[in-house]
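Please read the structure below before turning to the comments.
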């Protein structure tokens, strides 16, 4: 079996031959990998376009990541900036725009190994929060990189709690300017990407003060560096925050402002305006100014959050069919480590999660596009549900993708600790997503507030609006309670309706429990804030169950749309079953708590779960192949399509500069140390 034509090889000595163990995995296909790739891409035409973009990117030496693992922080920054420069030139020449998919595919091909990514977030926030006049002025400048912009929200002393941001924007009616000021050291903007060395402008989130009144957080466009010589502008203290756990190519920065003045027109004014005399006009809800962050959060899901787990699964699964270790019987040869049930237990839940989260994120993106159009027209009906879905999905996906990528790394043993495996950089990059665009615990608790309100509405509590129908994502809260799981055999747990209902039951019970505890504290005399703080652990548990239920439900609904693809539907159903059952077994206490599941039924679920592992094993390589990552995109000695792990790992190690550079420590320390011992012999 040869390597498919669309796969751009690394061009090394091993790319032209397939490892026999890898070839055997692809010999008998139970489904069309190409067709599954098309489904994941949203159609064959999108697959073709993506591969065309990838061939352009990988055919250009300016985009090579060959020596990334041996580079210093400065070298990584320069390489990432070089790639952005050449990508922008290609985009201009080819006519690629944000309205098309080419730039999205280019980012995927480059594994987001680029600088100036915050330009896209700036533009999304501008379109969400800016007036038509502001968009007309600033969007062309951003699209063509006449300015380089970042999104500066997080401060040294505040992150997810936006109401606590300290940066102030005080309106001066005499000059019709806003005075942007960092009143304390903790008000210093801290962490924005591209701010440290690159940005010329920043979209600043600050507390608006006009006519002596505080009006909450609003967005302002603030120039920070000269467009002539890139020096900081007056009143601006700016720089790089220093080394980080990962993402070393990005210049995360700090920004302190000392009474910096910007024109009145620099406050984004789709949902709020300050008139020349200082009068404040509110055009949206209190949540409107969070829209820019919501837009960013939704668009991160498939790329920055899910993609690292998908890549980690590809690398670890491919390595697991090449690595032979231990015998199943004393007289047998060593087997592929993927034959071990424990290795399957490590990897297959992560693989199932990749597919579950893909369908969850694409479904959310569809809902977002519908709701976003309404919001821009100042119809905020869908905003609460969209906010809850986006925050919960981001929190759950980033939590599980981080845990899953680390699980894949550990499943590769010692080689997974090598940067050359590609796994450490995947782990550190996705770990960052647990805190950027909202710390996950805080996000879960925002979901919990939505659940409490929805539960009160469903049950007709005083003060609720029970006459209105519940949002679709929480409609299960109004369904009749299913007191007991009807499963009688292990095979019953292969029924999507059964395990989806089980997850709905647990999510509803935990939500009702959280409401009960909250109300009990209120009735005992606690005020609403104290009562909330004393029940946040229970609320957190309910929010997590709700989010997992949504992921199971969305996977089930995606399967129902694949009736014309029976082979693919069958193999994906196994992953859906595994995803649901893995969650049940991991959280079995929640299902046993009220007797919904019996101990015997948990045993049945475990039997069903273990029966799935050998079935998924047969298709594991094919299911990871369907993600269709090129070898350049993976940049892993362990995860190449051809499976030649050991040859490539040995060859890549030879490229380490330390193997050819003189070792100054030898003459300074090692030689004297050896000589001191020799003199005593």
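The backbone N, Cα and C atoms fix where each Cβ goes, and this holds for glycine too.
According to Swiss-Prot:
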- 9: phosphoserine (MOD_RES)
- 66: N6-succinyllysine (MOD_RES)
- 137: N6-succinyllysine (MOD_RES)
- 453: N6-succinyllysine (MOD_RES)
- 561: N6-succinyllysine (MOD_RES)
- 667: N6-succinyllysine (MOD_RES)
> Which site among 66, 137, 453, 561 has the most other CB atoms no more than 10 Å from its CB, taking these as modified residues?
Replying inline: 453
>> Just to verify a number: CA distance, residue 561 (N6-succinyllysine) to residue 66 (N6-succinyllysine), in angstrom, no decimals.
In response: 41
> Of the modified residues 137, 453, 667, which sits closest to residue 66 (N6-succinyllysine) by Cα distance?
Replying inline: 667
> Using DSSP, would you call residue 453 (N6-succinyllysine) helix, strand or coil?
Replying inline: helix
> If one measures from the C-alpha of residue 667 (N6-succinyllysine) to the C-alpha of residue 137 (N6-succinyllysine), what distance in angstrom results, rounded to a whole number?
Replying inline: 61
>> Give me the count of other Cβ atoms within 10 A of the Cβ belonging to residue 667 (N6-succinyllysine).
In response: 10
>> What does the structure give for the C-alpha distance between residue 137 (N6-succinyllysine) and residue 453 (N6-succinyllysine)? Integer Å is fine.
In response: 41
>> DSSP secondary structure for residue 137 (N6-succinyllysine), reduced to helix/strand/coil, please.
In response: helix
